[in-house]
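Here Swiss-Prot flags SER111 as active site, nucleophile, drawing on sequence analysis. Summarising the annotation, Swiss-Prot assigns active site to HIS136.
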Amino acid sequence: MSSFDEQNTRLPSMTLVPMVVEQTSRGERAYDIYSRMLKERVIFLTGQVEEHMANLIVAQMLFLEAENPEKDIYLYINSPGGVITAGMSIYDTMQFITPDVSTICIGQACSMGAFLLAAGAKSKRYCLPNARVMIHQPLGGFQGQASDIEIHAKEILKVKKRMNDLMAIHTKKTLKIIEKDTERDHFLSAEEAKKYGLVDCVLTERKDVKNFSKK
């Protein structure tokens, strides 16, 4: 996780969720704002990536695939990173399902958040102009017997190699460059993330999406 926003991630999440009321032939129907956005095939990945959040995102993607396998899914990311296994469950589902998953960075996409941002469908990875992106190597700390520490150290090196391989594929950078740039926290602006290959387009207005998709 990035120390850049560590203090903010410790704050309790906002419990007040806005409700949206729609008029239907059967009368009024109320949705929380996230359920309403899900109807528009929009999913939010916000905060630290952990198992419960990952399960919810996977379930939403599978639901939207079952509802319409031809329409894109839009994954909005504002995350400081989190647990690798949780993030990889989201990543694998993104690659597994039939619909394209378009990724949009709002705020920040750090660590696993940046990895998932880069994993969006080709030519459908976006970043808002003042968002920040950060890539680095996996973090891990272990306690116990020396033999157990050695086992975990070997495992995290395997995970690091696998994530670097995948990042090289999605960014079209060489593995050597990825290994060098992720050795320490590597922050990028929206434009720098575009040049690096983490996103395809920096959006300033809604119409930018349509204009870019026509290219």
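Placed from the backbone N, Cα and C atoms, the Cβ positions cover glycine too.
According to DSSP, the residue listed as 'active site, nucleophile' is assigned to coil rather than to any helix or strand.
Separation of the C-alpha atoms of HIS136 (active site) and SER111 (active site, nucleophile): 6 Å, rounded to the nearest whole number.
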